[in-house]
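Structure first, then comments.
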């Protein structure tokens, strides 16, 4: 049987020594029967041994146990002090800004009278979902990332953390979907939908969103698909069926609905833009010019002025509808675009991971997973600022709250609303021209 050295490898050189050296000694004894062979062997032995390289014991490679910086399911990263400071500062800033922005939304809608409208209840639900992500999820992910990806909060809290993460993020995404439907119905059914858009209807929609979000959270807690959880890793279940179900309900279906709603609003805005074209003043009929009686001629002119006045009123109404549709299309387009950019990479990765890595762990590089995850969390940061940018009342309320001017908020909003109404009431130049002509015609008719 071949010898094995201390490193666990076959000792080839030792085996050769055991075969060659006795044979050399026996031949030397045959050549020197007078007993001088022993001295010859002794003198030549060091030279014979020197022809074979010395084998030193080396530690056997550890094939079963990974090194300290790698876990059995996913890698870990050892950051330097500077890297920890930079990463920690960025993650802390994202978390604090998310908390501040969504708190402003909740405070604004709840405490400002003008903003307490049923249509804004969905925005409050969205802000609460994003605020929950910032308070209950982001801090633990930040700590895990700063220590290199190792989960240190225990087995039980791993399940609680995953449940909170999935439910809050899903509620945020599905609320965005419901908001897009609400905006679409408000644009396409301006007469019937506002009547149904009361507080009770909004409460039912919000409750449905959170219950559906919980339906994705509960299966791993009741044994359908177990989360991946050991001493170092906390990962949502990688079961194939659960992965397809959760990603479809939480992202792919809401994204499809949002894209469809945006397309419908965009199409309505294009259709309204095609209709919104001033057709010009109607031509004066020959009988109104060539008339046997001047009174009949003036009467024709007065009727034409009245028709033009009604036409311009209808045009101003079309302008208002057109602007509202354009604003809704722009706002929803930016919301859908930001949502897709933030969450699409994460859900593509989450869907493909079980089919690439199997159901027991993740083989995706840690920095790729964390980058996609925090990109999705960033959607909770930008939502309040998107709505504030396109909503004048929210923007004014934000400014007043940040300046600690709490008592004057309702007064400022009322003044701003009055100013906006006066701007809309101003007539364009063509309207003034027609009214002046109508007044002139009326005076001439009265004089006649």
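Don't overthink the numbers, they just go from 1 along the chain as shown.
Cβ coordinates are placed from backbone N, Cα and C, and glycine is handled just like the others.
Features of the protein shown, as given by Swiss-Prot:
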TOPO_DOM  1-86  topological domain 'Extracellular'
CARBOHYD  5  N-linked glycosylation site
CARBOHYD  69  N-linked glycosylation site
TRANSMEM  87-111  transmembrane segment
TOPO_DOM  112-121  topological domain 'Cytoplasmic'
TRANSMEM  122-143  transmembrane segment
TOPO_DOM  144-155  topological domain 'Extracellular'
TRANSMEM  156-181  transmembrane segment
DISULFID  158-234  disulfide bond
BINDING   165  serotonin binding site
TOPO_DOM  182-201  topological domain 'Cytoplasmic'
TRANSMEM  202-222  transmembrane segment
TOPO_DOM  223-240  topological domain 'Extracellular'
TRANSMEM  241-263  transmembrane segment
TOPO_DOM  264-329  topological domain 'Cytoplasmic'
TRANSMEM  330-355  transmembrane segment
TOPO_DOM  356-366  topological domain 'Extracellular'
TRANSMEM  367-390  transmembrane segment
TOPO_DOM  391-448  topological domain 'Cytoplasmic'
LIPID     404  S-palmitoyl cysteine
Nearest of the recorded positions (158, 165, 234) to residue 404 (S-palmitoyl cysteine) - Cα to Cα: 165
Residue 158 (disulfide bond) and residue 165 (serotonin binding site), Cα-Cα, nearest whole angstrom: 10
For the recorded positions 158, 234, 404, the one whose C-beta sees the most other C-beta atoms within 10 angstroms: 234
Contacting positions for the topological domain 'Extracellular' (223-240) when only residues 6+ beyond its ends and CB under 8 Å are counted: 71-74, 76, 144, 150-151, 153, 155, 158-159, 161-162, 165-166, 246, 350, 353-355, 357-362
Secondary structure content of the topological domain 'Cytoplasmic' (182-201), with strand meaning DSSP E or B: 14 helix, 0 strand, 6 coil
Mapped DSSP class for residue 234 (disulfide bond), helix or strand or coil: strand
Highest-contact recorded stretch vs the transmembrane segment (241-263), from 87-111, 330-355, 367-390, CB pairs under 8 Å: 330-355
Number of Cβ atoms other than its own within 10 Å, given for the residue listed as 'serotonin binding site': 22
